[in-house]
Amino acid sequence: MDMPFLKLVVSYFVLLTSFNVASSQVDIPAYYDHNCTNNNFTSESPYLFNLYSLLMSLYSKATATDTTAKFYNDIVGTPNMNDTVYGEYMCRGDVPMEVCRDCVQDATSRIASECPYIREAIIWYDQCSVRYSDRYFFSTLHQLPIVDSFLRDTGSGGTGGYCDRGGLTLLSGGGGGGCGKKSETIPTGVSESEYIELSQTLNYAVVEAKTSTKRFATKEAKLTIGGSRYALVQCTPDLSPQLCSECLYGLIDRIPINYTGSSGRILNPSCNWRSEGYQFYYKGNQPPSDFTVSESPSLAVGWNCSTTKANYTTNDPYLNNLGNLFEHLSKSSNITNNKGFYSTMVGNKSNTVYGLFMCRGDVSLQLCSECVSKGIKRLNNTCSSSKEAIIWYDMCMLRYSNRSFFSTLDTQPMITSSGVELLQIQKEGFIRLLVNTLSDLMTATTNSTPIGVKNFATKTVFSPSEFRTLYTLAQCTPNLTNQNCKKCLNDAQHQITSCCLGTISGKVMNPSCNLRFELYRFYNNYNLSAVSVPPAYPPNNSGVSVITGKNENNSRTLIIAVSLSIVSITLFCFSIYYWKRKKNQLNHKAILEKNFGSVGATLESLQFNFATIESATDKFSIENRIGKGGFGEVYMGVLSDGSKIAVKRLSENSSQGLIEFKNEVILIAKLQHRNLVALLGFCLKDQEKILVYEYVPNKSLDYLLFGSQKSRELNWPERYKIIEGIARGIHYLHEHSRLKVIHRDLKPSNILLDGEMNPKISDFGMARMVGINETRGSTNRIVGTLGYMSPEYLKFGLFSEKSDVFSFGVIVLEIISGKNIHSDSESHESQYGGGLLSDAWKHWRGENLIAILDSNLREETGSHSEIMRCIQIGLLCVQGNPQVRPSMNKVVKYLSNDSMKLPIPHEPAFFLHSQMEGAETNRAMEAQLANQDQNSINEISESVSFPR
């Protein structure tokens, strides 16, 4: 795993995609709606990794240079398993492949942000949809969830309004009303023949779609009075013709009574329908026509009418001047040389009215004009008696006042808005990304040269560690000085930190500037040339004074030349780097094949570069060392993206040799559970053997129980949580993982605790894989830690799931008693675990269980029944006969269901050994252990306290 290389590739990709220029406004991916189910998963679940792998698969397929697939589905994981993810994308049948690519890119990024830790979700754009689920849905009909919206006709002179029935909220420009219900009545505003034409057009579209391989069709209905109506229908191509027809007719049945075909759409996971009064789709080589005024580019964000009111009379001078001002602003928004900004004043003395409009720096002239016109209408209706008012849209801002405000900094009034809050686990990295990006963005915005240049900038940043793309935009009114623009944006950033940190989006707008961030692309990558600002002048001046820039064609030629030069240089540098990297990769692959055989190819993504680890640990500095043992040393490291890691560097003379190292890499890389420590990767270089784990801050269980005063802080709920978590982790190893794994070295020093005291089982160097249907194995090499090894394993080399159950029982009794299994180091019984087990058994038989408890638990009277139950479970697990020990499946049920009756335990293993077995057996066992460490038969199992 080479993070610097990954970042170079990502940066290179972002650079190349930044040169893509859409052919028209409708080519920009337009988000419509999304739906997240209530079915969650945790951050430790394997589902998270599978989901991100799936989204990357969809993204990679759509963005591949040779792909022509506008529909694609994939599966990540083993079919019919809980953590398997099914997913698909579908692009509209008419859009070019580059538009499909951009849409899927936006959609895969946004769906992960809008629906964090959700097992099933769907997102719709105008040009595509992306869907994933934990259940199989390919080639099947799904009609829920459903979203729809319709533009109601309000008669001549009406402004219209959106009618929403599917949970999608749209701003309505007209008065109340709701979606009509289906009936046989012909809608108002169309004749009977036109109604028939509309119905037939929809029917023809359905028939064509269901019979075509793309399951897609477009149709045009030519009406006598209302002009043409354009319709589009589409099903997922994996549906049968019958299911496609059923789905589309189901949508048509939802069309309301007052719909006349002017603007409406309905979408569900399997099909969609849309109709407009303009050609919104591609027709052969003919691109879609521009958006109409009713479309979303001009939805109002907010407005403010001053409290200074006026009682206007007929022919009032100020009111007349305001009308003239609006007329001049409307006309000026259509003048190319103004390029999105214009300020002027009308009148004189006390009746003078000052006004301006500013369009977002990336929008087209037509959209700017539409936005300004709509703003004028809204201010006329909403603030008709105010001396001063301002309105903000996503694409423009309009303002007027009875006082001069040109070239002055005004940060009030102000509006803010924020999106959905991120989960706590996501916040730290995202906030760091946001703050750094906004800082760079404001520098880019205020680095423009003198007054007259458009104070506008956008910045797009992809973060591999966050698996998301951040889109940001900043703009000041062009008549501000750079210094005032900077002050305004600094204030806006301060407001962002107050309202929107930790959320997926944020927006601050005031009269002089605006600042915004989103997790989807809401701006265009073109039309960003400099704009010259005309000075304010009375409208009766003889002409428009404009400071013109250089010849537009020369500028375009220069931009293209510079762009091509940058791309060429980047390609050259990348080619050199790639050649060197490829050479190194061949060496890495050879090392993997030599050490791991055929499995090595599957581990390539886990391989860390040694230089990366050296950098993360500050060259293995003493300050970063957090643990030391017979195996080597453990260091805390920080990767370049800010994430912490634990690095286990095995010493050359460590008894954890290459066999155990390879065993741990192969095993733990295949295991994913919230109660197992996560192996992030490894490094093999010359004599270096390094394992890289997730960083777990609360050290190991033995440190908290036996190694410090902190044991006093472990209350019973925390101890019970640890017992239950260990049980679930072992249960996963035995029954729920793809492999059946016997750990063979379970002990408190191999139980790590995260920040929320969740236990994580670590150290899989001794673990063994057995067949799913196998119940036991055997070995001539006895490895493990005395006291935690079951008697059948210690004496005869026989291991099974019940060996781990025995170790778990010892750990449970240690957690409850606060005593180490080796606390009486001089005792022969203690050396083999008999001391603690004998004491627990004697007190159990004598019904004096209070004597077993850690002194810190004796005061927790409310938990005594639960504690007693756990002692009994521990004793059941350490019984001498492995056949009568419970399985981990049973143990988990015992812990989760306190009404479940527990069996009566038999004597513990080493109680029997010490009381009943002859001296000859003892001597034979001691001879077998003759030259071994007192506490550990294998040095890797030596208990060492460190956090990882």
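Any Cβ shown, glycine's included, is placed from N, Cα and C.
As the structure is a computational prediction, the values presented were derived from the model and not from experiment.
TrEMBL lists 1-24 with the feature signal peptide.
Among the features that TrEMBL reports, domain 'Gnk2-homologous' is placed at 29-137 (among others). Looking only at the domain 'Gnk2-homologous' (29-137), the predicted model's pLDDT averages out at 90.
Here TrEMBL flags 174-280 (among others) as domain 'Gnk2-homologous'.
What TrEMBL records for 300-405 (among others) is domain 'Gnk2-homologous'. Assigned with DSSP, the residues of the domain 'Gnk2-homologous' (300-405) fall into helix, strand and coil as follows: 40 helix, 32 strand, 34 coil.
Residues or ranges marked as domain 'Gnk2-homologous' in TrEMBL: 411-522 (among others).
Sequence annotations record features per position, and here TrEMBL assigns transmembrane segment to 558-579.
Annotation comment: TrEMBL describes 620-910 as domain 'Protein kinase'.
According to DSSP, Lys648 (ATP binding site) sits within a strand segment. Sequence annotations record features per position, and here TrEMBL assigns ATP binding site to Lys648.
Here the domain 'Gnk2-homologous' (29-137) has, by DSSP, the following mix of helix, strand and coil residues: 36 helix, 32 strand, 41 coil. Other C-beta atoms found within 10 angstroms of the C-beta of Lys648 (ATP binding site) number 25, with every protein chain shown included. Taking H, G and I as helix, E and B as strand and the rest as coil, DSSP gives the domain 'Gnk2-homologous' (411-522) the counts 41 helix, 33 strand, 38 coil.
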